[in-house]
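Below is one structure; the comments refer to it alone.
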Amino acid sequence: MTELPDNTRWQLWIVAFGFFMQSLDTTIVNTALPSMAKSLGESPLHMHMVVVSYVLTVAVMLPASGWLADKIGVRNIFFAAIVLFTLGSLFCALSGTLNQLVLARVLQGVGGAMMVPVGRLTVMKIVPRAQYMAAMTFVTLPGQIGPLLGPALGGVLVEYASWHWIFLINIPVGIVGAMATFMLMPNYTIETRRFDLPGFLLLAIGMAVLTLALDGSKSMGISPWTLAGLAAGGAAAILLYLFHAKKNSGALFSLRLFRTPTFSLGLLGSFAGRIGSGMLPFMTPVFLQIGLGFSPFHAGLMMIPMVLGSMGMKRIVVQIVNRFGYRRVLVATTLGLALVSLLFMSVALLGWYYLLPLVLLLQGMVNSARFSSMNTLTLKDLPDTLASSGNSLLSMIMQLSMSIGVTIAGMLLGMFGQQHIGIDSSATHHVFMYTWLCMAVIIALPAIIFARVPNDTQQNMVISRRKRSL
């Protein structure tokens, strides 16, 4: 890093700030949801749409971000991403209704979807290959700090100012980042193939419509027949994409990816696994505040051990997988996460609050080991020619499954709470207990998929990926 020119180091700082903004926003909002609900005059049971709208938009826009950067230029797209993210933050802070806030989060999600992948692409273009690993470590470090600061910072801002400030703090950072990007970042472009617009639209429509159909009756009052039509339309869009990809060599995601067995298993397991684990960052601060009566600040502090456990586990997960193999690790961590989530609920309802940080630390460790194992299992055997496409598809599936997980969690709360829950009451405890029991089952189910993964540790090494060609 020290041998790099000054202008390159400044460019890396710009990318790092983009990573920080995007990652901070993934956790800072969750702590503020109950306060947002009170301010906007909404039931806390509807506030999951604030999270879903952002994450689903990121999932939809991710496939287009790399192509746009290659075609229009990394500086132009990164600048646009920061501007959109900052404008979205401003509109979020100015929102007076839930619908306005959801629309503003969609705009914010468009910027967030382009910020991280285009940032990675920028590093690839400005840094020599020999220093790429060090550069990526540098720019992703703020992305690891963001989720750690998010819950506590969100709690402080909500408790001592208002929820609007969790979005307003993005504005000065965004303005400085946009100006620095425009002045300092080169606008690299390359020749690229024609963008698969029909495939992109089919996938986008399918993902958005299916997610809407999953929760439309509770959040939007859509009739059952309309929901059935939406579900059928979303499924038809996905099937049409598969037909399109089979006939089109330039499809957004080639079906050749699924000729690699570990990719197919890993992708299916990642989708199912992240539906369950995606519920936890949303539900935990909501339960702490509404179910137990914690203040936003204390609820935010409680989330820090989970992030610390996640970061600490990343240092040893490679050795664990190499020692025990993917099947054992994935089955054990999947069932373990379900048990730890039940332990968290039991400890909380028994009033043993002093044990909650320890349980959340353990939850973060188990979840991190499972995430890392799922990611490497999915990508490790792909041919080099398909590695980039496979990584993009995995990133999209990760965001989609998390949005579905939050949607299901909100649906369960609404079903058991019947739209009426009070702060730290016996009835509320029962609502969250039933919700957590259902969540534990959903978290545990992917173990059935992971049980089919080969467990030969030599063939499933994390640190070396076989290079093959189709």
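Counting begins at 1 with the first residue displayed.
Quick reminder: no glycine exception, Cβ is built from N, Cα and C everywhere.
Since we're looking at a predicted model, the values are computed, not measured.
Sequence annotations record features per position, and here Swiss-Prot assigns topological domain 'Periplasmic' to 1-11 (among others).
Annotation source Swiss-Prot lists transmembrane segment at 12-32 (among others), citing sequence analysis. Counting only same-chain residues 6+ beyond the ends of the transmembrane segment (12-32), those with a CB under 8 A from a CB of the stretch are 4, 50-51, 54, 78, 81-82, 85, 89, 108, 112, 115-116, 119, 122-123, 126-127, 135, 138-147, 149-151, 153-155, 157-158, 163, 166, 170, 173-174, 176-177, 180-181, 184-185, 281-282, 284-286, 289, 296, 299-300, 303, 307.
Residues or ranges marked as topological domain 'Cytoplasmic' in Swiss-Prot (evidence: sequence analysis): 33-48 (among others). Across the topological domain 'Cytoplasmic' (33-48), DSSP helix (H, G, I), strand (E, B) and coil residues number 12 helix, 0 strand, 4 coil.
Within the chain, the transmembrane segment (49-69) has long-range Cβ neighbours (under 8 A, six or more residues past its boundaries) at 25, 29-30, 33, 36, 77-78, 98, 101-103, 105-106, 108-110, 112-114, 117-118, 121-122, 192, 195, 200, 203-204, 207-208, 211, 215, 219, 252-253, 282, 388, 392, 395-400, 402-403, 406-407, 410. If you look up Swiss-Prot, you'll see 49-69 (among others) marked as transmembrane segment, on the strength of sequence analysis.
Annotation comment: Swiss-Prot describes 70-76 (among others) as topological domain 'Periplasmic', evidence class sequence analysis. Tertiary proximity for the topological domain 'Periplasmic' (70-76) is limited to same-chain residues at least six positions away from its ends with a CB under 8 Å from its CB atoms, namely 118, 121-122, 125, 181-182, 185-190, 192, 195.
Annotation source Swiss-Prot lists transmembrane segment at 77-97 (among others).
What Swiss-Prot records for 98-101 (among others) is topological domain 'Cytoplasmic', and it gives sequence analysis as the kind of evidence. Secondary structure of the topological domain 'Cytoplasmic' (98-101) per DSSP, as helix, strand and coil residue counts: 4 helix, 0 strand, 0 coil.
Under the heading topological domain 'Periplasmic', Swiss-Prot lists 125-137 (among others), citing sequence analysis as support. The average pLDDT for the topological domain 'Periplasmic' (125-137) in the predicted structure is 72.
The transmembrane segment annotation in Swiss-Prot covers 138-158 (among others), and the record cites sequence analysis as its basis. Here the transmembrane segment (138-158) has Cβ contacts under 8 Å with residues 1, 12, 15-17, 19-32, 35, 116, 119, 123, 165-166, 169, 285, 295-304, 307-308, 310-311 of the same chain, all six or more residues outside its ends.
Residues 32, 35-36, 39, 93, 295-297 of the same chain sit 6 or more residues outside the topological domain 'Cytoplasmic' (159-164) yet have a Cβ under 8 Å from a Cβ within it. Summarising the annotation, Swiss-Prot assigns topological domain 'Cytoplasmic' to 159-164 (among others) and lists sequence analysis as the type of evidence.
Swiss-Prot lists 165-185 (among others) with the feature transmembrane segment. Counting same-chain residues at least six beyond the ends of the transmembrane segment (165-185), those with a Cβ under 8 angstroms from any Cβ of the stretch are 7, 10-11, 13-14, 17-18, 20-21, 25, 28-29, 32, 74-75, 78-79, 82-83, 85-86, 89-90, 92-93, 122, 153-154, 157-158.
Residues 11, 64, 67, 70-76, 122, 125-126, 248, 250-252 of the same chain, all 6+ positions outside the topological domain 'Periplasmic' (186-196), place their C-beta atoms under 8 angstroms from a C-beta of that stretch. The topological domain 'Periplasmic' feature in Swiss-Prot is assigned to 186-196 (among others).
Under the heading transmembrane segment, Swiss-Prot lists 197-217 (among others), citing sequence analysis as support.
Marked as topological domain 'Cytoplasmic' by Swiss-Prot on the basis of sequence analysis: 218-224 (among others).
Taken from Swiss-Prot, the feature transmembrane segment covers 225-245 (among others). Here the transmembrane segment (225-245) has Cβ contacts under 8 Å with residues 198-199, 202-203, 205-210, 212-213, 216-217, 251-255 of the same chain, all six or more residues outside its ends.
Look at Swiss-Prot and you will find 246-262 (among others) tagged as topological domain 'Periplasmic', backed by sequence analysis. Mapped onto DSSP helix, strand and coil, the topological domain 'Periplasmic' (246-262) counts 9 helix, 0 strand, 8 coil.
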Recorded stretch, among 77-97, 263-283, 286-306, 396-416, 431-451, maximising Cβ pairs under 8 Å relative to the transmembrane segment (342-362):
286-306
With a Cβ cut-off under 8 Å, give me the same-chain residues at least six positions beyond the ends of the transmembrane segment (431-451) that come close to it.
265, 268-269, 272-273, 275-277, 279-280, 283, 287, 291, 326-327, 330-331, 334-335, 337-339, 341-342, 344-345, 349, 408-409, 412-413, 416-417, 421
In the same chain, which residue numbers or ranges, 6 or more beyond the ends of the topological domain 'Periplasmic' (307-341), come under 8 angstroms Cβ to Cβ?
27, 144, 147-148, 151, 269, 273, 276-277, 280, 359-374, 376-377, 436, 439-441, 443-444, 446-447, 450-451, 453-457, 460-463
I need to check the long-range neighbours of the topological domain 'Cytoplasmic' (33-48): which residues 6 or more away from its ends have a CB within less than 8 Å of a CB in the stretch?
95-98, 101, 158, 162-163, 215, 218-219, 282, 285-286, 289-290, 296, 406-407, 409-410, 413-414, 417, 419, 421
What parts of the chain pack near the transmembrane segment (197-217), using Cβ distances under 8 Å and only residues at least 6 beyond its ends?
48-49, 52, 56, 59-60, 63-64, 223-224, 226-228, 230-231, 233-235, 237-238, 240-241, 244-245, 248, 251-253, 396, 400, 403-404, 407-408, 410-411
Counting by DSSP, what is the helix, strand and coil composition of the topological domain 'Periplasmic' (307-341)?
31 helix, 0 strand, 4 coil
